[in-house]
Structure formats: structure tokens, C-alpha cells
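Trainee: After the C-alpha cells below, expect a handful of questions from me.
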Amino acid sequence: MVVAMVAASMASGLRIKAMAELCCYLTVVLCAFLVPCLAKLTTIEHPVKPNRSLSFLVVGDWGRKGFYNQSEVAFQMGRIGEKLKIDFVISTGDNFYDNGLTSVYDPAFRDSFTNIYTAKSLQKPWYSVLGNHDYRGNVEAQLNPTLRSVDKRWICMRSFVLKTELVDIFFVDTTPFVDKYFTDPEDHTYDWKGVEPRKNYLSSLIKDLKAEMRNSTALWKFAVGHHAIKSLGHHGDTAQLIKFLLPVLKDNNVDVYMNGHDHCLEHIASMNGAMQYLTSGGGSKAWRGDLKPDDDVNHSAKFLYDGQGFMSVEMNENEAMILFYDVEGLVLHQWKISKQLRSAV
């Protein structure tokens, strides 16, 4: 009788413990689903090196299954990545040509990404934004975390914040800002699920960016988008970004804005502030002879190159060094900014 009572008591205790563990598990699961809904912009944290430095590569407009020198650029990225011991790679968008991905099973993901960027040094996180060509495909496929089971490096979201001990990098979904994709899409079909109603989407995005930037205590602030704010390339300046995004960046003392879209490499200095505009859109097909240096009436362009290539960034608490490379890995332009002096060299 006593044994039976003890057994019953033990069984009851086990049931209570099991119920408690289940409740705890459900709480964790619910939190995992609720946090993204309650948060403004998703935040990712990335550690710096033990010496409190950081290095990374920036490339855009690349996804062409190795053609148009994409493989050659990838090879040089691997070489420079090893030399600098990079921590991650930033993609400025137009990740898969011509029309994004069709689904999470689209072979273009492997053909243009996994099977191209094979160097050991490039087996690091790839933080990516969407470009206009990506919006011509199945956007949700490219954003789907399922792709990480294919290639764990792939991290792509519409807008998010990458936080390190040195720099906060704000990734901005710029395609929905551009009027012509809505008013004159030509023969293209864009996937606006998750964007429409557009006015609400953009209003919320700007509000969230302001809040995140205002709350940032990082020593450095960078921003990344697909479209250029300032460019002397084929597409030129993006009027809607100058109107809506640029004031937010200036008000919050953003040091650098990095983009793709124009298939070239550029460094343009701000004429009325410290911010620098850097274009890295030479990941594959380039537009030779399609630059507009004559439009640089203020002589703000420090560097223009109409070929393929990429960028590297090395930084610590005191300075950031930015280099542009061509398809052969040769340094075309380098630039240093001192955080102490707040001036470009």
C-alpha cells in the first residue's frame, strides 16, 4: 500500500515536472515567434577580432552563374579575404540575375552563390540586401531561412541592423523607395508582397530606422542599400533616397553609405558633411564607358571605375581603411578616415 502511494506520488511529481518543462518550452517557442513581431528591425550581433578590429568585403550585382567575370572576381575576393582574415561579406543586392529566385529550390542559388564563392576565406556570413532584380523573382524565397540549410552563410532580410563593438551597419531595403518600379515597370513584374501598401511600408521603415539610429551608441555608423544616393554611373542619383533616406543618415551622423545598382566602383565625398558614398556594384557584368564624370560639377568624385571589382574595409576604434580592387585583385583606390579627426585622407 505504501509502495503504491509512493509510486503514485512519484508519478504525479513526474507529471508536474513534465508539465513545467512543457510550459517552459512553449514560452521559449512563443518568444521566438513574438520577438520579431514586436521588434522594429531585426538585430544581428557579430563579434570583432580579439584585437578589437574588424574586416570585411563588399560586393554587389553578382549573381550570373559565374559568367561576366563573376568567377574571376570571386577568386580575387577569396585571395584578399584570406589576406585580411575577413569576418564577413556584405552583398549590396541584385544577388540573382535576371529575375531573382523562383523558389527555395531554384538551382540558381547554388549556381550563382554556393558553387562560385568557394574560397575558404569566404565561408563566413554573407549579410545581404535585396536589389531591384531580386524583386522580379520570388522575394520570400530569397528571404526564406530554409536557404541556410543549403548554404549556412546566407543571411538576407529586407532591412536589419548588424551590430558589432565597433560599428552598427544599417541595411536598408531601397527598392520600394523607387517610384518608377511602381509607375512604369516596363515589361517587368515585381513581387510586392510584404511591401504594399507601399506608403505604410516606407513610413514604417523610415520610422524604425530613425529609432534604431537614434538609439545606437556605436562609434561608427555605416548604412547599406542597393540603390545609390549619389552616383556618376548609369543610373545616377536616386531622387527618392535623397529626399527620404539621406536626411535620416545625416541627422544620425552616418559615416558611410555603401550601395550597388550601378555596375561600377565609385567613391564620392559629401560636399556638405562627413559622409562618404561608396558604390560596389562590380561583382559581374560591368558597363564599360557608362560613367558620367562631366556631371560632377562639384568635383566630389574621388574615384570612378567602369569595370568589375569589389571593396574591402578594415577598421578599428580609430580609423577605417577602404580599398577598391579590380577583377585581377589590383588595388585601384584606397581611402582612410580617422574617427578622431573626423576627416577623410
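Here the Cβ of each residue, glycine as well, is placed from N, Cα and C on the backbone.
Sequence annotations record features per position, and here TrEMBL assigns Fe cation 1 binding site to Asp61, Asp94, Tyr97, His263. Sequence annotations record features per position, and here TrEMBL assigns Fe cation 2 binding site to Asp94, Asn132, His226, His261. Look at TrEMBL and you will find 55-264 tagged as domain 'Calcineurin-like phosphoesterase'.
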Trainee: Determine the most Cβ-crowded residue among the binding-site residues His226, His261, His263, using a 10 Å radius around each Cβ and all protein chains in the structure.
Mentor: His226
Trainee: Take the mean position of the Cβ atoms of Asp94, Asn132, His226, His261, the recorded Fe cation 2 site. Which other residues of that chain put their Cβ within 8 Å of it?
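Mentor: For the Fe cation 2 site, the extra neighbours are Gly60, Asp61, Thr92, Gly93, Leu130, Gly131, His133, Asp134, Thr174, Thr175, His227, Gly260, Gly281.
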Trainee: Cα distance, Asp94 (Fe cation 1 binding site) to His261 (Fe cation 2 binding site), nearest Å?
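Mentor: Distance between the two Cα atoms comes out at 7 Å.
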Trainee: Which whole-number value in Å describes the distance between the Cα atoms of His226 (Fe cation 2 binding site) and Asp94 (Fe cation 1 binding site)?
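Mentor: About 8 Å separates the two Cα atoms.
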Trainee: When you rank Asp94, Tyr97, His263 by Cα distance to Asn132 (Fe cation 2 binding site), which of the binding-site residues ends up on top as the closest?
Mentor: Asp94
Trainee: Around the Fe cation 1 site formed by Asp61, Asp94, Tyr97, His263, which additional residues qualify by having Cβ within 8 Å of the site's Cβ center?
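Mentor: The surrounding set, listed in chain order, is Gly60, Trp62, Gly63, Arg64, Gly131, His133, Gly260, His261, Gly281, Gly283, Ser284, Lys285.
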Trainee: Other than its own, how many Cβ atoms are within 10 Å of the Cβ belonging to Asn132 (Fe cation 2 binding site)?
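Mentor: By my count, 21.
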